[in-house]
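A quick write-up on the structure given underneath.
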Amino acid sequence: MRLSTARILPFISVLHFACANNLHHHRQIVAAVSSSSASGVPPATAASSAASSAASSPLGSGVPLSANVSGTLLPTPTGPTPSFSLVSQNPTAVPLSSIVVNAPSAATQIMPSPFPAGTKPSNIPNAPGLPDLSTFSAGNYPALDKPPPTDSPQVQQWIQEVSQSGITIPNITATVAGGCPANPVAAADTSRCWWTCGGCTREADVTNCPQKLQWGLTYDDGPAPYTPDLLNYLNQTNLHATFFVVGSRVVSYPGLLQQEYLSGHQIAVHTWSHPSLSTLSNEEIIAEFGWSKKAIHDVLGVQPTQFRPPYGDIDDRVRAIAQAMNLNTVIWSRVNATMTFDTGDFDIHGGLTNVQQVLFNWESIIANAMTMDDGFIVLEHDLFQQTVEVATGYILPDALASQPAFNITPVMSCLNHPMGDAYIETNDNASNPLPVSSNGTSGTSTNSSSSGTTKHNGAIVRTVPGMDALGVVAMAAVLGAMAVTV
């Protein structure tokens, strides 16, 4: 049984209020906005949770990430329990009553050791063999989970390469921490196409899959101690996903990243330390991308061609720098300027939501997806025990039993591109040309401002114009009164 049409548009309460800095995981802003009583959605709690500052486990140790990184354990939201009705669930699923903020740590699997040098993935015929990791050391990288310094010779080299890429970086002032309420001028400036405030996208941004009922399956913020449980389920059900990995996590779990890659999953960039990119300088953004790409390359022998900005925080300056480093943007689908395909799963761990709300969000996402002419991309995470438990126990089994059936694939596959296009070293520039060629010249434009629905490299991309200036400023002012800055 699926949701009635009455739930299709008014869904996913405060988690998806666009001017609250894309309220998923360690927010800069949390707005306490209540849903209508008819929706059954409990009011959100005005508080903050932590993600990018999550302390890394020792290399390959399998020790869970800290359950209380911020030092403040948040209360579970109170209010009416949202109603939902799943088609199916995993018979071995963890009970919903156990998927909570204070859940005891479940046993973790032993982290896989690095695979033999020269091992190749079977799904990319021209892939190079895996590097030799016998001397791999976290000491060769910046401090984990902290913004990398920009004065190192390595970062200076990347800065020079960006300047010689042929792509013009727009002169856009960095935002300040606090999202839309703290940046009313930037929020009102629709020319910068700031996704956080109004949902603006450009032609090259991937936000949907081209065919109806296609689901670009994605997981952010890993690899992490409970990722093996997710990989086991994906293997059992013959599913593949795109993993947007944090560079610091790659250095912490190199063998696990290799397992993801060799299992046929797509690996993509999610920065080094998970910052809000629009708040950084050009040089800091380059360092975030550069070290993440280098860590992945050192472990896999390939560099990804796609990335997802943490919190979806991207504007034209960030887009241009990404393209200059051969990274194309992938966000997640959006119904309108204030409603996105974010399950809110991350916030179970921080106590900002509960699993019932997440499953209500999931059903609402599916109800909306059924009405779309194209496919969709959903935001989920593999960083925490709770996010993996809700995915393997409830969301994925429900999706697999859904009728009509979904075609669930990695993002690159849902765009009808071969998996080789996901990496610089294996992309033949035929079906999915790189933004910057090997000689440093650009073949793409970064300043498109068309609105409506367009196609790019086989993907249907909905460009959502930003709100008008007065509307954005007014909304920012309202949210500012309810915001908590951390």
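Cβ coordinates come from backbone N, Cα and C, glycine included.
Source: prediction; values computed, not measured.
Annotation source TrEMBL lists signal peptide at 1-20.
Taken from TrEMBL, the feature region 'Disordered' applies to 116-153 (among others). Non-local neighbours of the region 'Disordered' (116-153) in the same chain are 52-56, 59, 159, 247-248, 251-252, 254-255, 258, 261-262, 264, 272-275, 280-281, 283-284, 286-288, 290-291, 294-295, 298-302, 418-420, 423, 425-426, 428; each lies 6+ residues outside the stretch with a CB under 8 Å from one of its CB atoms.
If you take every residue in the domain 'NodB homology' (213-411) and average the pLDDT, you get 98. Annotation comment: TrEMBL describes 213-411 as domain 'NodB homology'.
Across the compositional bias 'Polar residues' (426-436), DSSP classifies residues as 1 helix, 1 strand, 9 coil. Per TrEMBL, the feature compositional bias 'Polar residues' maps to 426-436.
According to TrEMBL, the region 'Disordered' annotation covers 426-458 (among others).
Sequence annotations record features per position, and here TrEMBL assigns compositional bias 'Low complexity' to 437-454.
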*With DSSP helix as H/G/I and strand as E/B, how many residues of the region 'Disordered' (116-153) fall in helix, strand and coil?*
4 helix, 0 strand, 34 coil
